[in-house]
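Q: Straight out of TrEMBL:
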- S86: active site, acyl-ester intermediate (ACT_SITE)
- K89: active site, proton acceptor (ACT_SITE)
- S146: active site (ACT_SITE)
- K259: substrate binding site (BINDING)
- 306-399: domain 'Peptidase S11 D-Ala-D-Ala carboxypeptidase A C-terminal' (DOMAIN)
- 1-23: signal peptide (SIGNAL)
Amino acid sequence: MNRKRICALLLTAVMAIMQIPPAGTGMAACAGTAGAETGGELSGQAAAADSPADLHLSAPSAVLMEASTGQVIYENNGDEKRSPASITKIMTLILIFDALESGKIQMTDSVTTSAYAKSMGGSQVFLEEGEVQTVETLIKCIVVASGNDASVAMAEYIAGSESEFVRMMNERAKGLGMTSTNFEDCCGLTDSPTHVTSARDVAVMSRELINRYPQIHNYATIWMENITHVTAQGSKEFGLANTNKLLKMNNNFQVTGLKTGSTSLAKYCVSATAQKDGVRLIAVIMGAPDYKARFADAQTLLNYGYANCRLYEDSQPPELPRAAVDGGVVDDVELTYGGTFSYLSLSGEDLSAVEREIKLDEALPAPVEQGQKAGILEYRLGENMIGHIDIVTKEAVAKAGYRDYLKRLAEAWRL
């Protein structure tokens, strides 16, 4: 058979192939997303634990959450709407760090105190009208000393007015799924009965702050520090003292933050963050009867959590092969993971026995989208699947056209 006849037969075959849809094209492609932090529907869930005995908390509302998975370990009236006092400032800090991350503001920016910011009562750092401080100094004033004046100064600097900043706070809260929350100021000074949140929502926004902006711990663990007031009357030092006394209490875990609050309506509140053996916990106490009770309750929650929690985090998932592509301009595509996996055990399981298995779909029909789901990495503990993360395509692959087939034919002929 001569070359011309071979070429003609090959070309006929190519044209026939192009008229027949590739296997699987009648099925909808499974579209994936970039993946959440834990990725997959069962990922990051906790093994069920027995209901805890009465922890004898004095506060009427409390939540204990694990920070990596977001799993609630303990709650009592976790969705009850209550006045938050200065733990409102957790959301204020989220928006400040959002603005820093976006480049809208810089740590070294100079912020001028308005007459309105100066007029704030309650906990304050005694900023004077016209006084200039850097963004970083004001962050310290908010986190360490719970300065209402510093909070309003930053709100005005970022949004132009406190009211616009509060609108942004509520929008951010909605995006986090904080369904029990409504903010009316940026510092929690108001005793308005409609300025409310819940212990669960406080845990959610605390988790967002420490996970997205872990540098907050650098400020939240400052015990004492001086700032300098420079005004028309001259220069003077002012000492900031941390309102979170858990930092100096005798604990068997490391306290890393986060925020306290108290008003006559809210009573005594705290969102306390801590870490031990790689486990990060958030303990939220709302409505404690006195100053010491909120810290004692938070300590009780954290002790309970560290006595019962074990965390598995897969920091090194297995390497992935390339996935075959049917009818594409290339024959395969690189894969990646659509998220990370964490599993919280509350029942004493041996987490060293967790097994992993890659499960890939068969060849993907072109066109293939970037981020398209191509399989899962499954996690098992004994007979139980404890979760999975999606495996997705790292890039898109176009469907091969007539010219692509001719190009391949020419390349094959040269071989």
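Heads up, the Cβ atoms here are built off N, Cα and C, so glycines get one too.
Context for these features, please: burial, neighbours, distances.
A: If you take the C-beta of S86 (active site, acyl-ester intermediate) and look for same-chain residues 6 or more apart in sequence within under 8 angstroms, you find G122, S123, S146, N148, C187, G188, L189, T243, K259, T260, G261, S262, C269.
DSSP gives K89 (active site, proton acceptor) a helix state.
Across all of the domain 'Peptidase S11 D-Ala-D-Ala carboxypeptidase A C-terminal' (306-399), the predicted model scores a mean pLDDT of 93.
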Q: Please report the number of other Cβ atoms within 10 Å of the Cβ of S146 (active site).
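A: The answer is 27.
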Q: Could you give me three numbers for the domain 'Peptidase S11 D-Ala-D-Ala carboxypeptidase A C-terminal' (306-399), the DSSP helix, strand and coil residue counts?
A: 6 helix, 50 strand, 38 coil
Q: Non-local Cβ contacts of K89 (active site, proton acceptor) (under 8 Å, 6 or more apart, same chain)?
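A: Expected: I142, V143, S146, S151, C186, C187, G188, K259, G261.
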